[in-house]
Protein chains: 2
Amino acid sequence: MPTVTMIGGGQLARMTHQAAIALGQCLRVLAASDADPAAQVSADVVIGSHNDLDALREAAAGAVALTFDHEGVPLEHLRALEADGVNVAPPSKALEFAQDKMAMRVRLSELGLPVPAFVDLAGDRAAARDRFITFGDDNGWAVVLKAVRGGYDGRGVWIIDDRDAGLAAFDAAAADASTILMAEQKVPMRRELSAMIGRSPFGQGAAWPVVETVQRHGQCAVVLAPAPDLPAETAETAQQMALSLAAELGVVGVMAMELFETFDGDLLVNELAMRPHNSGHWTMDGAVTSQFEQHLRAVLDYPLGDTAARSEVVVMANILGAQQSPAMSMDERLHHLLARMPDAKVHLYGKGERPERKIGHVNVVGRPGEDVVSVRERAERAATWMSQGVWTDGWDPHGDDVDTAGSGRRSR
Amino acid sequence: MPTVTMIGGGQLARMTHQAAIALGQCLRVLAASDADPAAQVSADVVIGSHNDLDALREAAAGAVALTFDHEGVPLEHLRALEADGVNVAPPSKALEFAQDKMAMRVRLSELGLPVPAFVDLAGDRAAARDRFITFGDDNGWAVVLKAVRGGYDGRGVWIIDDRDAGLAAFDAAAADASTILMAEQKVPMRRELSAMIGRSPFGQGAAWPVVETVQRHGQCAVVLAPAPDLPAETAETAQQMALSLAAELGVVGVMAMELFETFDGDLLVNELAMRPHNSGHWTMDGAVTSQFEQHLRAVLDYPLGDTAARSEVVVMANILGAQQSPAMSMDERLHHLLARMPDAKVHLYGKGERPERKIGHVNVVGRPGEDVVSVRERAERAATWMSQGVWTDGWDPHGDDVDTAGSGRRSR
């Protein structure tokens, strides 16, 4: 059976390896260290940096496809690998739009896809600062400043509410000469959605149900599948946008299109990720085909799998490292959770506990007839327990602990 | 997180490793070779023989539990490990009844569990031959001759129809001085069933729905979950028999109790396996908790998971090596299958293709309202294609290609 190489040894590679095993394969991983989540569990690990072309070449040798756990590989290295004849999936010509938020915004605008108003802040810093001030004034300083490259889970993103804070954020970010900036409008919105699809080189596309992503402290906390009360035509529009964009860009693999749903029910594209994505973790237990299996099928140019949900409601909640490490070990917390919720599906990443770090997730697949409030309550209670070692009453559907401001994060 | 060691690097260990990853672990495997199915995919492999106590000790070092992919480890080694303080799960005092068919029959009889009539053929060969003749005559030569140790998937089992064949089989088997024999009645039966349960050291037990196992050429070919048209009280009886036997013997982990259902609807115990089992592969896609996750939960003394099925019908069909290798490679066959059945769940073991060898399986989870005939037809068609590279019309519900004779196989 063929070998697929994944660059990066994080949890996405770890879970892709699980899917590779069923397909008769072993995922080869380029990891920074043998303690990386995927390197802990795969028999085929190359230790090296994704910034080192020699390491990339070593990892690619003999593999039928080379794919990614993250967006960090320099484009010039990917082009060099392609020149070597390596099957880079997604190819560099697609991946550049996932790596460069400004290029993505421009390309999406050209294709007629709806995006928030934005401004390019590259080039001369003084001129960029002036453009930023004009853009901020034009948008009442409800703006988001972003690093064009490398940000996710709230990193490289600054949400601005007024002129002073905006300029302070700009000056701080601009102090690093290597940081290229852009800004966009902070969109008033009802909620964030994600449309995940898979696309093969042959051109087959398949979309999972559109989900709602609940953000807290700048990163994805909870995913509701499908997005509750989303009109069918809006869901179809989101799926079609993702499928047609993937075809336009030549994406290979799975792709998440993160979206804002405005109060008018319109959609705006926020971010793109051309790899397995936090908003697709629910598929591991809740869909016929998981995003990890689908990603492998796509990069291998296998036919894609059935994307139907296995239940009317599935909720994923991230397990985050707590501010204070719980007295109970992770193993003990898991023991208690399994006792309390025999149907909770726990996925742990083998990562050390640090505050706000994603160290695992819990999927709860709704029982027949169970509504989203109940499934969400169970999933959040499970994740909070695993994170903090305290049982809460679960999620309060009338509470308001959620980021409501429009933002421009991208999730791992 | 804790480390569990599994002795044996076959497909059962391979699939247990998949489950270990989700629990934040990496399964340590004692494998004969790094080409073994589990050794291909796990990052923690000890190469050595399960007959070598030093290798067993090396594999056990630092692990919280030591468990099994097969029944082959000598009991005296397990007792030595237990004397070292290793947590052997299931313990040797339980495992001896899975290793020794004669001891199992005697113990089951003592416990009042229904078993076929049997005769002990150990000891002096001439005296044993005489006992075999008497037993054969008493049972009209509808008997099964068995090696007490080591047989599975039809090996070490000789199904007898008349006196001459019986004596020929006895003399051939007895030619190996190390083979200890027994015989039992070949039970007239409607079908074979399997009751799978999990049991933790704490004493928690959990039973999956009872399934029907369809045998061909001496090994399990298809599993229907749940067993069609099985009266609820018969299913409950089977589950209770398995749970109470596991408690009596002190089993830790999952256990399969293979059963005969007679034409009167009575149950007789055929074989026991104290490990993940072919009759439980359907749980990977068809139950809330897979047998592999449950086995880990049990040996770790975690609370057990929900054993409910995810659909009204789930069918597993084994992919067997064909008599003649298909012209198309396995990779090509997989490609075609995925195109034809986007919801088929394929599990490949990384094994070379040899005739009748189990090299993978396909699970088909029934769609809402789909009946067992349809689900079985799809699963068998998928498995036949993967095995032989020919599309059949699938399984013919009116055909009769199934072993109907009672037998005493045990499945891997």
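Yeah, the Cβs are placed from backbone N, Cα and C, and that goes for glycine too.
Whatever TrEMBL says is automated annotation, not expert-curated.
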Same-site residue for ATP (record: TrEMBL; known: B:K101, B:E184, B:Q185, B:K186, B:V187, B:E192, B:N270, B:E271; options: B:K146, B:K345): B:K146
Note down the number of other Cβ atoms within 10 Å of the Cβ of B:E271 (ATP binding site), including every protein chain shown. 23
How far apart, in Å, are the two Cα atoms that lie farthest from each other among B:K101, B:K146, B:E184, B:Q185, B:K186, B:V187, B:E192, B:N270, B:E271, the residues recorded as binding ATP? 18
Validating a neighbour-count step here. Other CB atoms within 10 A of the CB of B:K186 (ATP binding site): how many? 21
Near the Cβ of B:E192 (ATP binding site), how many other Cβ atoms are there if near means within 10 Å? 25
Assigned element (helix, strand, coil) containing B:K186 (ATP binding site), judged by DSSP: coil
Ranked by how many other Cβ atoms lie within 10 Å of their Cβ, the binding-site residues B:K101, B:E184 are led by B:K101
